[in-house]
Ligand code: TRP
């Protein structure tokens with residue numbers, strides 16, 4: 001018999017991890033974190049703090065612990081609702097490390113050697129080219145494959161790692177029969193790239209030695225406006241989006257993302273006005289946009305018990321999910337059940 005009632009569509013699953021290495025910049029916020037809250041409506045989202053990944057470079061233990069808690073509070077402050085999205089801390093779920101081992105036994109030395117991030121990071125930390133830095137992509141593959149997501153949002157720097165995840169998943173499926181869902185990259189719709197305010201040819205980065213180059217999402221409103229007033233522009237006097245005007249283009253991008261106005265509207269709004277007025281206006285909308293994030297962060301930071309309750313719940317739920325996948329994998333490779 002023909003079934004005419006359409007099946008309710010299962011929400012697709014989206015997974016992303018973030019390293020607890022300090023407060024996000026306006027660039028991270030606009031490029032990624034700002035959208036995470038909205039994605040929760042459309043997708044079943046899984047967000048975790050990748051603390052296991054963080055120790056591939058040397059960390060100060062006390063600082064790592066503090067930043068992990070801060071990072072969790074920040075995710076909530078940015079609109080992630082732990083009742084809606086699975087939100088947890090990677091090291092709380094042992095299955096990540098366990099699956100990573102199995103995957104590393106199905107990944108070739110040559111494949112890992114080709115990872116450009118490994119090459120970059122081992123050049124940057126030449127005194128600590130550890131095995132974890134080398135096998136990092138297998139841990140990332142485990143993070144992903146445990147939860148069977150349909151999509152993983154990836155920036156340019158993680159694209160190669162997702163490719164490897166797909167290769168290893170396919171290889172495993174071919175060897176042992178269907179086990180893993182092979183995830184697709186998710187390219188955000190409005191993927192604006194935010195540049196440094198001090199050197200608008202470089203990406204905004206929290207490791208910039210010039211603090212005027214980046215906005216931290218917890219900066220005070222006064223500091224935000226001041227940094228924008230110092231933003232490097234050009235020697236012309238026209239507020240227009242054009243090649244060769246990197247500084248103005250960057251400010252226009254930021255203003256556009258936050259206000260929803262397009263470049264034409266912005267050009268009209270500031271026709272005949274000076275760069276000073278424009279910079280102040282951009283600074284003010286950014287300060288206003290980040291106000292709730294900063295206020296929420298302060299509120300959550302004071303309530304450690306709530307944060308703890310949320311990440312514990314997250315870990316328990318993640319654990320159940322991850323265990324199921326891991327057990328299937330162990331069975332496939334021939335491990336004798338306990
Ligand atoms: N490697 C990512 C980064 O450095 C963080 C990360 C770890 C991740 N595991 C992941 C991202 C799984 C997406 C999916 O930014």
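Here the Cβ of each residue, glycine as well, is placed from N, Cα and C on the backbone.
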Write down the single range among 203-207, 208-212, 213-217, 218-222 that appears in TrEMBL as motif ''KMSKS' region'.
203-207
Given ranges 11-19, 20-28, 29-37, the stretch to which TrEMBL attaches the annotation motif ''HIGH' region':
20-28
Filtered binding-site residues, from 19, 28, 143, 156, 206, whose Cβ is under 6 Å from an atom of ligand 1:
19, 143
For the motif ''KMSKS' region' (203-207), find every same-chain residue at least 6 residues outside the stretch whose CB is under 8 Å from a CB in it, and list them.
22-27, 193-197, 213-216
Between residue 204 (ATP binding site) and residue 143 (L-tryptophan binding site), what C-alpha distance do you get in Å?
27
Report the largest Cα to Cα distance, in Å and rounded to a whole number, among the residues 19, 20, 21, 27, 28, 155, 156, 157, 194, 203, 204, 205, 206, 207 that the record lists as binding ATP.
21
What Cα-Cα separation, expressed in whole Å, is found between residue 143 (L-tryptophan binding site) and residue 28 (ATP binding site)?
21
